[in-house]
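Undergrad: Here's the feature list from TrEMBL:
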type     : residues : note
REGION   : 292-327  : region 'Disordered'
TRANSMEM : 63-84    : transmembrane segment
TRANSMEM : 96-116   : transmembrane segment
TRANSMEM : 137-164  : transmembrane segment
TRANSMEM : 191-210  : transmembrane segment
TRANSMEM : 217-237  : transmembrane segment
TRANSMEM : 257-281  : transmembrane segment
Amino acid sequence: MRHDPANTKRTLLDDGTERHTAASLTKYEIEKAEWRGPMRAAVVYEVVRRSGDHELERPTKSLVFSSIAAGIVITLSILTEAYLRQALPDTDWAHLIEAMGYTTGFIFVILARQQLFTESTITAVLPVMAKPTANNLFAVARLWTIVFLGNLVGTAIFALWFTFYPPAGPETLEAIREISMRAMEPGFVETIMRGICAGFLIAGVAWLLPSSRGFELHVIFLITYIIALGKFSHVIAGSAEAWYLAFGGYSGFFEVVFGFIVPALIGNVIGGTVLFAFLSFGQVVAELDEKPAEHSNGAPQNDDEDGRICPDEAQTAAASAGHETRK
């Protein structure tokens with residue numbers, strides 16, 4: 001059916017321009033259409049920033065337990081990879097299936113709202129960019145230190161467990177060793193470069209989730225699958241492999257700390273904070289000072305057909321921030 005130009009009405013906007021809308025749409029339907037549209041970048045920024053505010057204010061005890069739990073759970077990635085590796089035939093395409101196992105630990109950690117260091121390279125930094133005070137800088141340093149060390153403790157617990165009291169057979173342990181040795185192969189500089197890619201991608205997960213309602217699993221799977229395929233260096237997931245080699249006597253502690261953990265940490269921080277956080281802040285900084293647009297009095301207040309309420313964008317950001325905060 002061809003649209004009839006006569007069947008439109010003109011709405012005068014605040015800036016003097018005209019907007020044409022279908023005459024058959026009610027004011028409620030127009031507001032609902034706007035609400036269902038893509039979330040603006042400034043709104044996504046506000047969601048992530050509020051989530052960062054919450055992280056910075058969490059009690060030390062909560063951060064410690066959450067970060068240790070995240071370190072233990074993230075080891076599901078290497079464990080699932082090992083199970084797939086031992087089950088798959090030695091073919092050119094086997095690594096495509098094996099890499100899917102890498103996603104499991106991240107899916108559990110992120111959906112469980114546990115504290116993962118590489119996520120906080122963007123969430124905790126945005127509040128500092130918005131208000132760069134000494135107190136905020138101290139809060140970020142506190143958060144990063146607690147979460148990073150807690151994550152390493154969690155991955156070390158896994159490595160100790162599988163080294164001295166392994167709940168898996170020799171084939172699985174050999175697969176874990178092979179995967180771990182592969183992660184240690186790159187040199188210092190190359191590990192930093194790979195870490196930059198991993199840090200950038202994981203920070204992207206935190207940025208994408210607010211506008212991916214109902215598809216969080218798909219987003220996490222896709223991004224972490226790319227990390228596995230690219231053999232990028234994630235300092236926390238990779239530390240489980242590093243500790244396993246060290247505790248098992250396959251590599252020295254100095255080698256795994258300064259050959260992998262330190263360069264991967266540097267790369268992840270550069271990728272997540274220096275690149276992604278600064279670029280994300282830069283694209284919205286000009287919009288943050290704009291005067292908020294006023295909704296008409298006829299904005300929909302009752303729920304629509306799927307049971308949700310249609311709020312304005314500020315309310316959406318607040319609701320989303322509350323939903324995104326970690327338990």
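These residue numbers are counts, starting from 1, taken along the chain as shown.
Placed from the backbone N, Cα and C atoms, the Cβ positions cover glycine too.
Note that TrEMBL annotation is computational and uncurated.
Tell me what's around each of these sites.
TA: Sequence-remote contacts of a segment are chain residues at least 6 beyond its ends whose Cβ falls under 8 Å from one of its Cβ atoms, and for the transmembrane segment (96-116) they are 55, 63, 66-67, 69-70, 73-85, 88, 147, 150-151, 202, 205, 209, 216-217, 220-221, 224-225, 227-229, 236-237, 324-327.
Beyond the transmembrane segment (217-237), the same-chain residues lying 6 or more positions past its ends with a Cβ under 8 Å from any Cβ of the stretch are 70-71, 74-75, 77-78, 81, 95-96, 99-100, 102-103, 105-107, 110-111, 116-118, 151-152, 155, 182-183, 186, 191, 194-195, 197-198, 201-202, 204-205, 208-209, 260-261, 263-265, 267-268.
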Undergrad: So, do the transmembrane segment (191-210) and the transmembrane segment (257-281) meet, by the test of 3 or more Cβ pairs under 8 Å (sequence gap 6 or more)?
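TA: In contact, yes.
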